C-alpha cells in the first residue's frame, strides 16, 4: 500500500499536559518499567533453570512474561525518551512501528491467558489425559498459532493505517501511537479502519475472554464434584494466580475500550491505557511469585544458585 502521508512526524501528548506532572510521572514510570523488566526476567530464568517447572503451564507463563516485557517496552520507552529530551515527537514510520508492536504484544497477552486457562481446564477436568493432550507438539502448535495470528492482526491494522493521509501534524492525545487517537488525526476516510478495529479488535479480546470463561465454568463444576475439601482447595490454588492476572488484565482493558463515549475523556483514556500497558505487566510477576508455591521455590533456588556462583 502506497504511503500517502504528507506528515513526517506526530506530536505525542504524553502522560500529562502539565510539565511538572510529566517530570513526576517520568520517575514513577521509569521505576515501574525497571521493576517490570526485572520481575519478568526472573520469572523466565526461574522457569528455564528449574526442571520441575518444565511443564505446559510454566512454558506459557514464560511466554506471557516475554509478551509483557514487549508490551511495556513498545509503549513506555518512547514516552520516557520524549520526557527526558523534552522533544515530544515521533516520526511517521516510528509511529506505525510502535503501533504494530503494541498490538502484537497486547494481543499475545490475551491469547496466552486463554491458552493457560485451557491448560488448567485439562489439568483439572481431564487429569488422566493431561500428558497426552498437552503434549510438547500441541503446546508448540498453540504457541505458533498465537504468534502467527497476532502478527497478522497487527500487520493488518498497520497496513490499513499506512494507506491513510495525514495532512496536519497535529497532537496525538496519548503517550503512544494507539489506533483510535492516530485515526483522529487522519484527513482520509477511516471507515474501513474503524470497521477493522471493531471486527478484529473484538475477536482478539472477546474470543480469548469467552474461552477463559468457558474453561473456568467447567473447572468450577469439576471442583464442586470433588468430595474432599483438600482436593477442592488444591484445585483452586492451581488456578488462583492465573485468575488474578486475568481479572487485572481484562478489567483494565475493557475499561479502556468498552467504556461508553459519554464518559470517556483524554485523561481517563490515558490512565486506562497506562493500567494495562504498564501496571498489569508489572503486577504479573508478583502475582505468580507470591501466590504460587512452585514459583517461589524456583526463585529461591535461583537466588541461592546465583549466590553460590558469585565470587
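Count begins at 1; order follows the chain as displayed.
Backbone N, Cα and C define each Cβ position, glycine as well.
Curation does not apply to TrEMBL; its annotations are automatic.
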Of the ranges 1-23, 24-46, the one TrEMBL annotates as transmembrane segment is 24-46
Here TrEMBL annotates transmembrane segment, and of 167-189, 236-258 the range meant is 236-258
What stretch, picked from 24-46, 97-118, 198-224, has the most CB pairs under 8 A with the transmembrane segment (58-77)? 97-118
Given 24-46, 138-160, 198-224, the one sharing the most C-beta pairs under 8 Å with the transmembrane segment (270-290) is 24-46
